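Colleague: So Swiss-Prot says this about it:
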BINDING   GLY170, ASP171, ARG172, GLN173, THR174, GLY175, LYS176, THR177  ATP binding site
SITE      SER363  site 'Required for activity'
Amino acid sequence: MVKIRPDEISSVIRQQIEQYTQEAQVVNVGTVLQVGDGIARIYGLQKVMSGELLEFQDGTIGVALNLETDNVGAVLMGDGLKIQEGDSVKATGKIAQVPVGEAFLGRVVDALARPIDGRGDIKADGTRLIESPAPGIIARRSVYEPLQTGLVSIDAMIPIGRGQRELIIGDRQTGKTAVATDTIINQKGGDVICVYVAIGQKASSVAQIVTTLTNAGAMDYTIIVSETADSPATLQYLAPYTGASLAEYFMYTGRATLIIYDDLSKQAQAYRQMSLLLKRPPGREAYPGDVFYLHSRLLERAAKLSDALGEGSMTALPIIETQGGDVSAYIPTNVISITDGQVFLSADLFNSGIRPAINVGISVSRVGSAAQIKAMKQVAGTLKLELAQFAELEAFSQFASDLDQATQNQLARGARLRELLKQAQNQPLSVDMQVATIYTGTQGHLDDLAVGQVRSFLTGLREYIKTNKASFCSDVTSSKKFGPEAEEMLKAAIAEYKAIFKAS
């Protein structure tokens, strides 16, 4: 039989008393009153803050949005099918953060930056708040570097600078996403990190974009944030902010980034759904009163940072879908007033075979001209005016039977210039090739060709210049100017190739 020694027992008790530390843990807890449609009403949570993350009994995460006298309205980041009335809810004391880092490049993630491409976990370098404050006035500098899209009509007439916000707006099926993907593909071999945010799109459309970018070798420097049409409204609302946080990580390390929001109309609709279910008072088109702030606080995060902060930049290309070309609707007018210009895509132009279907007359870039390279300014200076005059004359010429020779010449030149701006999808052009293309048209070197021959002639000319006049390409690319030597070289190339083209 074991002998019990009192001194041994007393020493064990004494040891346990000495090691005891009193820890009081205060947890802010509430109870679910009602749940459904991605919304939960919670009783309790007395000290919860707006935007704070909540943890439900089944592990679902929510965000407290409505703080009322007797309950809290929260939106769920999940389907919430396992949440029941009476379940406990815990306030976490945190606001939404996402992991960020270099390893995200080439990956497809959801609105909480979790990988959804089946390629395993992503090693993060840190975290960033989903809702970060935008850089202040002192933290910024004016836009002065170009961001080349590879599309002649944009780079020549509606130039975009690094740190600018340029809206892409148009009806459905007018090529808005194509403009965005071409811009991403054109950054290949450069120093720009791209983030593409797909909001409320079909999963098949997102898969197609991933395939396009992979085939073009563009996924190496691209992150895709995707919340498809079947995702909860909360996640569709958060996706653009997650994309901005991922881009900000690179911007604050001194790098240039490009972020595309495709499209913000669907984010506004998701936010409207959440707000109406939370019983917030509806305003114009049933959107809540703070829908302008929804987009302004997102787009203000795009900036060109000052020297002290490393001169990084975030260029934003938000996309808005219009209904029947109506740009005076609520969301389009809001985003037009926030951004630094817009590229307007027209369904009529698209259907008549002009692609990209950019309506040059009502598209504008408010700050990009400061970023345009000198060579482009030299050759494209009159292009927009000539096309605007051509559009006016073309409308007039339908009613007039006899036109003088000068008008006929102007119409002929305009038709060739319009042909020059047509571009196949996923085939962006480098700056030197754009300069050569525009110069050929504006200087009348296409006037003696039939309109149907223009595109094949220009394609051949570009190949001829690359092969036989490589010094022209390097000269324009390095000096960013279009000097007399470059002009002579280009004139010679046009004359030489035209002889070959006509002979064939």
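Every residue gets a Cβ built from N, Cα and C, even glycine.
Keep in mind it's a predicted model, so treat the numbers as computed, not measured.
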Colleague: What's the most sparsely packed of the binding-site residues ARG172, LYS176, counting other C-beta atoms within 10 A?
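Modeller: Selected from the binding-site residues ARG172, LYS176 on minimum Cβ neighbours within 10 Å: ARG172.
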Colleague: Any idea what DSSP makes of THR177 (ATP binding site), helix, strand or coil?
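Modeller: Going by the DSSP assignment, THR177 (ATP binding site) falls within a helical segment, counted as helix.
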Colleague: Select the most exposed residue of GLN173, THR174, THR177, where exposure means the fewest other Cβ atoms within 10 Å, treating these as the binding-site residues.
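Modeller: Selected from the binding-site residues GLN173, THR174, THR177 on minimum Cβ neighbours within 10 Å: GLN173.
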Colleague: Under a three-state reduction of DSSP output, how is ASP171 (ATP binding site) classified: helix, strand, or coil?
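Modeller: In the DSSP reduction, ASP171 (ATP binding site) maps to coil.
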Colleague: Would you kindly give the Cα-Cα distance separating SER363 (site 'Required for activity') and GLN173 (ATP binding site), rounded to the nearest Å?
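Modeller: For GLN173 (ATP binding site) versus SER363 (site 'Required for activity'), the Cα atoms are 18 Å apart.
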Colleague: Relative to the mean position of the Cβ atoms of GLY170, ASP171, ARG172, GLN173, THR174, GLY175, LYS176, THR177, the recorded ATP site, which additional same-chain residues have Cβ within 8 Å?
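Modeller: Sorted by sequence, the hits are GLU321, LEU345, ALA347, PHE350, ALA357.
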Colleague: On the three-state reduction of DSSP, what should I expect for SER363 (site 'Required for activity')?
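Modeller: In the DSSP reduction, SER363 (site 'Required for activity') maps to coil.
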Colleague: GLY175 (ATP binding site) has how many other Cβ neighbours within 10 Å of its own Cβ?
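Modeller: Taking all protein chains shown, GLY175 (ATP binding site) has 21 Cβ neighbours within 10 Å.
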Colleague: Just how many other Cβ atoms lie inside 10 Å of the Cβ on GLY170 (ATP binding site)?
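Modeller: Within a 10 Å radius of the Cβ of GLY170 (ATP binding site) lie 26 other Cβ atoms.
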Colleague: Round to a whole number and give the Cα-to-Cα distance in Å for the pair ASP171 (ATP binding site) and SER363 (site 'Required for activity').
Modeller: 15
Colleague: Using Cβ-Cβ distances, find the residues under 8 Å from SER363 (site 'Required for activity') that belong to the same chain and are at least 6 apart in sequence, listing them in sequence order.
Modeller: MET157, ILE158, GLY341, GLN342, VAL343, PHE344
Colleague: Around ASP171 (ATP binding site), how many other CB atoms lie within 10 A of its CB?
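Modeller: The answer is 18 other Cβ atoms.
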